[in-house]
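Per TrEMBL, the features are:
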| type | residues | note |
| --- | --- | --- |
| BINDING | ASP100, LEU101, THR102, ARG127, GLN143, ASP147, ARG296, TYR300, TYR301 | L-histidine binding site |
| DOMAIN | 7-363 | domain 'Aminoacyl-transfer RNA synthetases class-II family profile' |
Amino acid sequence: IAKEVAKLLEMKAQLGADEGKHKFVLKTPKGTRDFGPKEMAIRERAFKAIVSCFKRHGAEVIDTPVFELKETLTGKYGEDSKLIYDLKDQGGELLSLRYDLTVPFARYLAMNKITNIKRYHIAKVYRRDNPAMTRGRYREFYQCDFDIAGQFDPMIPDAECLKIVHEILSDLQLGDFIIKVNDRRILDGMFAVCGVPDSKFRIICSSVDKLDKVPWEEVRSEMVGEKGLSPEAADRIGEYVQLHGGLDLIERLCQDPKLSQNKLAKEGLGDMNLLFEYLTVFGITGKISFDLSLARGLDYYTGVIFEAVLLQQENEHVEEPVSVGSVAGGGRYDGLVGMFDPKGRKVPCVGVSIGVERIFSILEQRLEASGGKIRTTETQVLVASAQKKLLEERLKLISELWDAGIKAEMLYKKNPKLLNQLQYCEDTGIPLVAIVGEQELKDGVVKLRIVATREEVNVRRESLVEEIRIRTREC
């Protein structure tokens, strides 16, 4: 019997191996995608704009591992903790893929006893979410974070974070946007005066956070039906969370008979008033809305919170507007570092995360709709030959250009036709062609052709590098 069973198992294994060959599916895992040269060119441009803004504001750059000890991430994200990817135990440590860049940053500060840093971090994060890839929602995606850690006077770093969001969204020209701001202390004070038990603050906060996606009626029924809040408390919350405005609303709430009696709300409103003063100096209040429905469901926020939202895109090229929701968010989290510090030492922090995947979705769709071409290389010049048997001369010239830091290409053929070489430049957007021919070699010159205008000029060999630099600066 054992022999027969072994035979059958062997046959099954062979069948399984054959089946595998036929069933092999070429696809990326759910919630992920490949990025070809065109997509990467769009991404690199956006990253360049974001990084240059972070650097303009004096940030240093750090990196952290893609996975953390599971206990590092546990209990930091509220209801979203269920979206953390846990890894199989591979050697005595329970690990999880990072969910965001903020908690690893707080761990890094506590571990290295850093009390003062302004840093940015651009890296991939992972969420076991239901992907909606058309709207830039993935399971693996990039975050671009900027954070200021340290004890400073109130609202100065917070105002700078909002200025950074304003600069980046303006620079990327994504269309009209609004940055909603609120404060966790105002929310908690509001919950207290509305009769929400302390134990339910965080879960009610998560419900309020859904107001940008679903109507108030649905949020109310979730609070009452699923989370056990009294209908009266839910109705009182409803009166507040539908308010939004500017300094006028802050002043009105300071006079509110209930809120003005709550210590937390009073602190939050005082800081919000200060924040708007600084934002007025920066000249960006036209894009800022104090919005009481903004909650941001993450557990670690302690003060100011904000979220940038793109407004309806009116675009003649796109039949349906691109609906992407929030494109940046952040806030103040003064207690997170203390959770990791053995002595509980707190390092106040405020930061912002740019939702680059959603931004990329808009930029890609916009380019597709307009039919615009995008260059996928930065090649400045193609080294070409006009006659046969000049491969060595082309290799010699291209080597000189590479050594001088010029971005150059040539076709990998011994004797390419000049027409094919020129066509390659047209197809790929290379602006210049450096042509070597027998006469040019005798005269010690190179014929430089401007692809767009088809104009040709003879340039002394020793002046070629400088001429290419001047002409590509103009392109």
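Please read every residue number as a count from 1 along the shown chain.
Placed from the backbone N, Cα and C atoms, the Cβ positions cover glycine too.
Long-range neighbours of GLN143 (L-histidine binding site) (same chain, six or more residues apart, CB within less than 8 Å of its CB): ASP100, LEU101, HIS121, ILE122, ALA123, LYS124, VAL125, SER353, ILE354, GLY355, VAL356. Around THR102 (L-histidine binding site), the same-chain residues six or more apart in sequence whose CB sits under 8 Å from its CB are ASP145, ASP147, TYR300, TYR333, LEU336, GLY351, SER353, listed in sequence order. A sphere of 10 angstroms centred on the C-beta of TYR301 (L-histidine binding site) encloses 25 other C-beta atoms. Across the residues the record lists as binding L-histidine (ASP100, LEU101, THR102, ARG127, GLN143, ASP147, ARG296, TYR300, TYR301), the two Cα atoms farthest apart are 21 Å from each other. By a simple count of nearby Cβ atoms, those within 10 Å, the most crowded of the binding-site residues ASP100, ARG296 is ARG296.
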